[in-house]
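Asker: Reproduced below are the annotations present in TrEMBL:
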type: SIGNAL; residues: 1-27; note: signal peptide
type: REGION; residues: 202-226; note: region 'Disordered'
type: DOMAIN; residues: 232-616; note: domain 'Peptidase S53'
type: BINDING; residues: 575, 576, 594, 596; note: Ca(2+) binding site
type: REGION; residues: 617-652; note: region 'Disordered'
type: REGION; residues: 670-692; note: region 'Disordered'
type: REGION; residues: 741-792; note: region 'Disordered'
type: COMPBIAS; residues: 746-756; note: compositional bias 'Basic and acidic residues'
C-alpha cells in the first residue's frame, strides 16, 4: 500500500515507485500481495490543502465505480455521422435505450467487478446502478475495506481557506485484471469542497459606467442598434444585434425546450421581465432538483439570474428548465481553482440522461482549469456529453474568463512550471518574457462534444474582450471538424508562444457572443454583470431559436452542432477582427480573419444561420468540408467530365432498391489464408489458424451519392514476441470498411434523397458526374480507398 506521513510525504519509497510507474504490485494492508495497476495519482498534496491526520476508525465512504463502456467508440462514430450535414444519417438522433445499449458494460466486465467486490465483502445486493449500468454506486464502506480494495491509504485533508475536512488519497490502484474493465473510482483522488463555486461571471458594479449614448449605430448586417447597447446590454440589444428581433417561437407545443445547469444558486424572473421583457411577465421556469439541489427563491444568485433571465429573455415563450444541482466539479486545485463538491457534471448528466426526453439546448456557465481535473474523469465526463449530443442535445459551455493566463501561471503536477493558465480571474502577476512551458484550458469547454463560447464587447463593431478565454487543450486532440479552420490561425501565429500551448490540441472557443454590461436583476436591484457566463446563455438562446425553427418545419433539432458550425455554418457568423486576451505577461492571442483563440468563428447572425439550415445543399458545399475528415481536398478534374471518354460500368439498381434487396456481408480478418479441406463443415473462421476477428458490413448509401456496404468494429490484435516467448503485445484497432458498388453513383433512384427542405419538400440530390476514362475511374477508386482506410 501507499502510506503518507502527516506532511503528505510518502513513507514507503518502493510503493512510491509503484505509484509513479504503475508496473509493480503493492502490498495490501493485510500483508498479502496483489498484482495491481495505479489508476490515478497526484505527485503532491494539492495547493490550498494540508494533511490533517488519520480518519476516524468508523469513517465510511460511498464509492462510485465507472465501468468500461463496451461500445462507446461506436457511439462516437454514430454521433459524428448524425452531426454531419452531408451524411445520410444527419439529424437521426438516438433514443434513450439506443444510447444506453452502446455505453453499457459487457457482461464480462460486470461479472469480474462483482466478483472483486464480493471478495472484499461488498454485498452485490446493496449496489445501485445507472440506467445503462455503466456506473456502480456502492453502499457506504469503512475506510479499511476501501484501502484493501484500492491498495492505498486514506488520510484526512484540511482545506485551509474554509477549514473543511475531506477523506482522500493521492493515489489508488485496482487489480491488474480489472484495469481494462474500470475507467475510474471516486471520490478517491478528487479534492473538493461544497462552497466557493467557481462560475465564470464578473460583477461590474464597481466599474465606471459610460454615459448612455443616444441615437443608433449600424450593426454588421446594416441594422439600426441603439447606441446605448455599446455599454449597457439588455435582451432587446441582443435581439437586434444578433437579428432575432421579430422571430416568434412556434415549437413550444412540439417539445422544444432549453435547459440551464446551475449549482447551488437560485434565480427569479418577474422583476427582470417587468423592466426588460414586459411581454414575458408571468412566465416561469421549470425547476428540476438534482441530488438534493435547492429551490429557495429567497436566496437568488447572480449567476443563476444571469443565466435564466437571458435565456428566457431571448427565447420566450420557449419553456426553460433550470436544473438545480448542489456543488461543483471534483478538482485537484491549482492557484486559482477553489475546492469543489463531487462530480456535479456527471451527477447532472446522469439525471438528464435518465429521462426519456431531453431539452434540445443546454447552457452551463461553470468550468475549471483543465489540469485540475483527473484526466480519466475528464474523458469519462466528455464521453457522457457525447451521449447527450446523440440524444439530440446541443450543449454550450462558457470558455472561461482568464484570457490565456491567470493566477500564478503554474502547473499543479509537482514541477510548478510556468504556463498559460487560463481560468476565470485575470492574472495579478507579471511573468518574465514568454517562458516556454505548456498551457492548459478550461474544462468542460475543451471537450470536443460541447460548444465553447467566448466573449465580445462593443457593437459597432464587436471586438474580442480581453478576458475571453481561448487556447488549446492538453487532454483532447484537435477534432476533425477543426482541421480546416484552426491551421491558418496557427500558421499566422508562427513561432510566437512556441512551447506555451499544445498546437495539436482541441481549440477553444468555437464561437462567441456579447459578454460585458449585462443588466441583471438580483433582489430587485439592477446589477451590471459580465463574463463568458453571459456569453454562453446568449449563444444558447440563439441556438434554441434555431432549433425552434427546425422543429416547427418538421426537421430534427441540431444536436451536437460543431461539425455543422465549422462547415455549412461558417457564413452564418460575423467574423471578429480586433481584440486580444492577455495573460502571464504576454499580450495573448489576437482576433483575426477566420477562427481565432479569443472569439472562435465569431458571433451569430440568426437570419443567416436560419437560411443556411433551411435551404438545400449543393454538391459544392458537400465537397468543401466533412465533419469526419475535416477539409476535403479539391478534385483535380472537372466536376463534369468531358463526353466521349470510355464509359465505366453503371449499376442497374437505384439506392433505395439496393438497400431493400442487398444482404449483409461478413468479413473475416486473418493473418494467414485459411486452409479448409473439401466438405469441411466447420465454419471458416474457426478452422483458420490465423483468424483474428470478424465484422459485418451493412447495405448503406455514401455522401458521394454512391451505395454499397459499410461496417466498423474494434478488434484486438496480438503482436508476436520477437524473442519467441508467450508474452505478446496487444494493440487495439478500429477497423472500418467501405465497399462501394461500381457505377452506383450514376444509378437512377426511384425516390428523392436528402434532408427535407424548409417546407418539407425533398432536397435536391447533388449533381453527379458522368463516368470517365479508365484512368479517371482508377483515381476515383484510389480516392474511395483513402476515405475508407482502416485506422488504429
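Heads up, the Cβ atoms here are built off N, Cα and C, so glycines get one too.
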Asker: Which one of these binding-site residues has the most other Cβ atoms within 10 Å of its own Cβ: 575, 596?
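Answerer: In terms of Cβ crowding, the pick is 596.
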Asker: Validating a neighbour-count step here. Other CB atoms within 10 A of the CB of residue 576 (Ca(2+) binding site): how many?
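Answerer: Step by step: centre on the Cβ of residue 576 (Ca(2+) binding site), count other Cβ atoms within 10 Å, giving 26.
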Asker: Return the average pLDDT for the domain 'Peptidase S53' (232-616) as a whole number.
Answerer: 84
Asker: Excluding 575, 576, 594, 596, which residues of the same chain place their Cβ within 8 Å of the centroid of the Cβ atoms of the recorded Ca(2+) site?
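Answerer: Everything else in range on the chain: 577, 591, 592, 593, 595, 599, 600, 601, 602.
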